[in-house]
């Protein structure tokens, strides 16, 4: 219906009114026969496909009486009748096909059957004619009603009218009515109908308005006896559902030959005639049902809009209250999805695969295939073979299975069919249609005449005219595509044949079936399975003729061989149904359908043939049921199985449902019906897929939960706030608490060691995983230790959902570890004691050997003896080094390595290591180079001794495996943080290299790369192992190696040092190593692990205290910062005030100077006027005396060289204007100088102010600021109070930056240097350093190139400020290159002098010639004075331009080449300084400051010459070199020839030599007087005594501590200056002796004596014991001379010894 709702017309009382029953999902509605308009039925046209189908073919049961005398004729007539019937049926079928294909308007198909029977009685007996006719009509009506089991309404009329047979074909419109229909005896449909999720579709049936007749459709049958022919007219009707079935049995018994008995009975056939979707509920409440229920249906059957269907089904389900229990599964399945998950037709594609189980020749194949492909199914087909299906299931999975058992050939193992005989049916009562027929009319014809009887084996029963021969497989080719075959009425004759006859018949039938099967295979190969699978008429006739001929021959043979029995009766022409050996039934090729029956059992004698074929269709086969069961057993509950069936019997449906089918589709298969069912199945499949996923998820969740619950470890889940949400069973077992006791509480209740909570919670809130140990108390108050791992679980937005905590009980493991640790500590203590004893025992004899070797070397020995002693000493030192390495690695492994952190000079430490290794490296002919990044600060905090050890081991390793080339060490600043520096140290060599496979073994103890290396180079293999451990423990760094075999190796260390701060110098104490800290923490935990317990309140208090403490610290820090800022502000204010005062003072000074200058100028002017007056007075006198003194004046002018005095006096008669201008110029120069000094002073003040503002570190180092004008630069020292800056004085202030480096200390801007070096690495390192000092550097590789460069610089008037050359550079050859430069300078000087002499001679000649030409004396005098002045200026200018440039030369040479003879030669060649290689940058900086700095020594004795602005030294003078300011402010150095030596300054090496000579001149006996040596070893006493005697000490010795105390008591008047005391002595050790001495001094108030401990122990504990016992210092054995000298300087008479000085220094370090 469209637009508006349809009103239901009340039921009419007219009994002739007919209506349509419309049902859906168990509810029945009725339509009236008279609608208001034809448009009301538009939903029929819109919702259904139109077509005509002969659903009801009414056949009259004509009882043919055959006489005994006319058996042959009857047989012939039967054959003829069969032929005629076949022809008529073929024609009717053809007509029906045409009607279906066309769009005609007729709905009635008439079929005429002419049965030419000569002896046919059409009217039956006279006494029962009316009854028989009525019965026949009723039978026909029943047949029609029962055979119409369609589920769709087929209409051809465009006017939407249905043809009603009850009105003799009148077209009646359909209206709505509610007739009085008796209550249906049927119960509601079984639950499986709703379980299948089938959609709602219409089922309609006509009914009688008054309810007097149980038939809803009538059939008019006309029997015409004309020329022995019967004409039957059948009228088709719509598909009608019948509740009551009528069974009509006609029996004709006549003693004369014809007896007709007609019986009409109305029976309730419960098990028959029920379509799978035809559901009729109790109709008593039909009148009371709501009308809007029917109107709400949107009539969208067959449409693809699944959303509307879904809404309709949801609406219907809400109103089906009466079938709520049955509809619930479907309702829950369909309503489980929300709006976004609704199933749409376009989205169902490719969601699942479909398996179509069907024989290739099935009539439904094309329809199903096309429909499934159109709906987007991934379709796979296979025959009905369980093995084939199972193979497919193993390969892939399917979600939908469609099983079509029609025309199937399946192995049957059941014994339900025991008879092999064909079943004959009466041809007169036979009919066929396209639907299932469940009413069967059976005629039992019993003839008493035995002579003319015909049994089932007679040829007449198998005549070609029989239309109901069931043959195997043939129907697969010629069946109708519209639906499966239907059951037809069957006539069964009772046979009394013997067993032998039955066996023969079975054999013959088997042969026939095999032959027919072969023919069908040949035909099926040439035909295709289309929607219309019908064969042509010629093919059908040929097949029928062949089959009939074979059957006739077989029957004739049987009749000849076997006589008929008296009980056999003659029959009219029949249709045979044959059961093959395989128990499968098929039909003849002449039929559109294949009526096929499979009775439940033939073994029941009481069951009539009518009941046998009345209940089951041809698709019901026990093998099909078994197949369905087997298929379902191999599937899961989520796969859907649909069965195609021909039956309308609910019992058969139940069989398939019970066998595992989800749904079924009855015949005939309509595209609309199939599409609806597939839509429902697709929904079900989709739901099943969701359910399958849900089930798998549920299973996985169940497994996961089971695993977590039964896990042996504790599993906890916390919410983001830290509250416990879940605990597994293991928690209760381990802790003894019930889970409910702790659920919802904070996790801190489970932690006993609450000190870990802040760090843990900070890690977790930072979204990181925390791993550690948690201590928990058991319910019985015992401690439990857990190894825990807690990780946050994040969502897609990286937000914390919850925390997952996993704990493992490690209590027993922890107890075992603690016991093992205690045992190991005991063992370590014992081994440490043994190691200490062994160290003393080993080092003592080694120290004796080395000491004696040193003493012997000081005696007069031969060359060979001296060589032998050197070998002994070197071997002893090597052995001592190995012993020290063994002790170090033992201490490292024991965790007792001492690491002392102190402030030290990094550059000095590296330089000391390099210098100590230089002689060994250079003795092998190798080059040792070092470079320290200028950015690295001088002062760092770290273990300097361990740095020394690491560098020594690395350099020693490189030296061992390098025979040629070089070894270099490079230190770079890798990174810098707020608190530390990261320095990268690279040690490179050009040795043998290391193979790749040996690199992993390189840093292991007692291992080397190859075994042959140990034999060739020696060594213990401990050096690199110790380096690795020291780098990790002492510097928290890393060490790595890169090597190329045969080309050398590079060892890289990353070391971390702390920054030096002023507070560190006061609070710097020896810090323990990270390993020791870890051990101390472990010991502390071991001591307190069983005694710490805090409650939850304590945890909160602890947190609050921490917060308060943090706030307090922050407040203090803020206060400190504020105080510091205030101090800085105060300092700045003071400094600014001081600057203002200085500026005012400078201004006052400038004003005074200017005032003084003005006064001087005024005085000079007055003097000048006076002088002019006096000059005018004496002009005449001068003119008279001029001629006489001319020669004297020329000589005097030549000597003075035109020099003018500062007061402007001119004794040579210069003009007054000239003198006045000269004075003005001098005044201007003085004023300019003062202004320039003022500007310079202001710039220095601004620079100092910026230094003060930007300084944050109190580290104070001198800084050189180059100044071209002032003779002295600013020198910043450590004093915080500023001083005046006037006249080059120094001030004390903070440095420019907190980073105090060697590069930041010096600035030599403008200096130009020439470096002559052959080694590329050395040139590169020096180039980097000099760039930091702002020096312009030029590099050359040999002496010849260096000489050319130097000469070019001289010629271009841009000489080098300094020259550095290597002694081993080619072309230098020791002193040859400096000597060559010196000679070249001498030649240049001589040439310059000659030029000057020539110029002077020329000037004298010019002057004499000019004097002679003067006319008068006055003019001569004036011109002479002018010429003299000009000549003086020229000579002055020429002398200033021609200078001798002598650059300072610095020579680099290896230490091993240093000797006095070479030094003297280099000095004579003009070398100013000699530096040993490798170069120490601090020494190089000192040399540069000596020759390039503003405070250089030779600058103090030189005068500035600013006449021409170039500032070069005049070569004519005899003064020394000077540093002068050029026009551009650069520094340049000139050096004069000093008496032939060419060096006017004291050289650097002379300073060193003088310092060493001064040290040697000091008397050692004056440093330390009387000394006491206490030792229990005679050899040690001899060695130490001899060393002390060599430095001039008076030595006393004793062998025990008691003797030492006695000796000290005896010498009370003459006390000792120092006591060298051994620690380990038998009777009284050194600690006791030292305490006794200190007690004695305190008791008698004696002066403190220096006590120096001599010990072979190197452990820190022993050293601390020495200081605690009152000792002042210690010396480790073996004792060296250098250490003795240092002790003498420190504690001698002239030393700065104080009480406990060594101990205090040790504490600070």
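One is the number of the first residue shown, and numbering goes on along the chain from there.
Every residue, even glycine, has its Cβ placed from backbone N, Cα and C.
Looking at the stretches 1068-1112, 1338-1382, 1473-1517, the one that Swiss-Prot records under the feature region 'Disordered' is 1068-1112. Separation of the C-alpha atoms of residue 1366 (4-aspartylphosphate) and residue 1622 (4-aspartylphosphate): 49 Å, rounded to the nearest whole number. Predicted-model confidence for the domain 'PAS' (700-771) is 90, expressed as mean pLDDT. Its Cβ taken as reference, residue 1366 (4-aspartylphosphate) is surrounded by 21 other Cβ atoms within 10 Å in the chains shown. According to DSSP, the compositional bias 'Low complexity' (1137-1153) comprises 17 helix, 0 strand, 0 coil.
DSSP assigns residue 1622 (4-aspartylphosphate) to a strand. Within 10 Å of the C-beta atom of residue 1622 (4-aspartylphosphate) sit 26 other C-beta atoms, taking all shown protein chains into account.
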